[in-house]
Amino acid sequence: MKPNFSKGLLPAVVIEEGTKEVLMLAYMNEEAYEKTLKTKRTWFYSRSRRSLWNKGETSGHVQHVQSLYLDCDQDAIVVVVKQVGPACHTGEKTCFHYKII
């Protein structure tokens, strides 16, 4: 089973393997998805820069991919990782650190 990239980018929810905590949300195109499969490290597509980026390439806070899941419509991806260091560029463990309710 493969993701359906016919409509473009797919959301990729990244979660920590042990805790299942949501670390971040990013987007993948088909090339980022294939590079993620090949390298077992996360690759995403930057909508603002319009280019691929490898999580942790600059910071060293890499994500080692343990498994990938597709939703029932094959248009969203869950990436289960072992995170090295914080996931958020702000230095927080997760990008979802602002509690609303």
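Positions of Cβ are set from backbone N, Cα and C atoms, glycine also.
Record features, source Swiss-Prot:
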type	residues	note
BINDING	Asp71, Asp73, Asp75	Mg(2+) binding site
BINDING	Cys72, Cys88, Cys95	Zn(2+) binding site
Is it possible to get the count of other C-beta atoms within 10 angstroms of the C-beta of Asp75 (Mg(2+) binding site)? 16
For Cys95 (Zn(2+) binding site), which residues in the same chain are close in space, meaning a Cβ under 8 Å from its Cβ, but six or more apart along the sequence? Leu23, Met24, Leu25, Ala87, Cys88
Determine which residues of this chain, when Asp71, Asp73, Asp75 are set aside, have a Cβ within 8 Å of the centroid of the Mg(2+) site's Cβ atoms, and list them as they appear in the sequence. Asn4, Leu10, Leu70, Cys72, Gln74, Ala76
Have a look around Asp71 (Mg(2+) binding site) and count the other CB atoms within 10 A of its CB, chains all included. 13
Across all protein chains shown, the binding-site residues Cys72, Cys88 give the max Cβ-within-10 Å count at Cys88
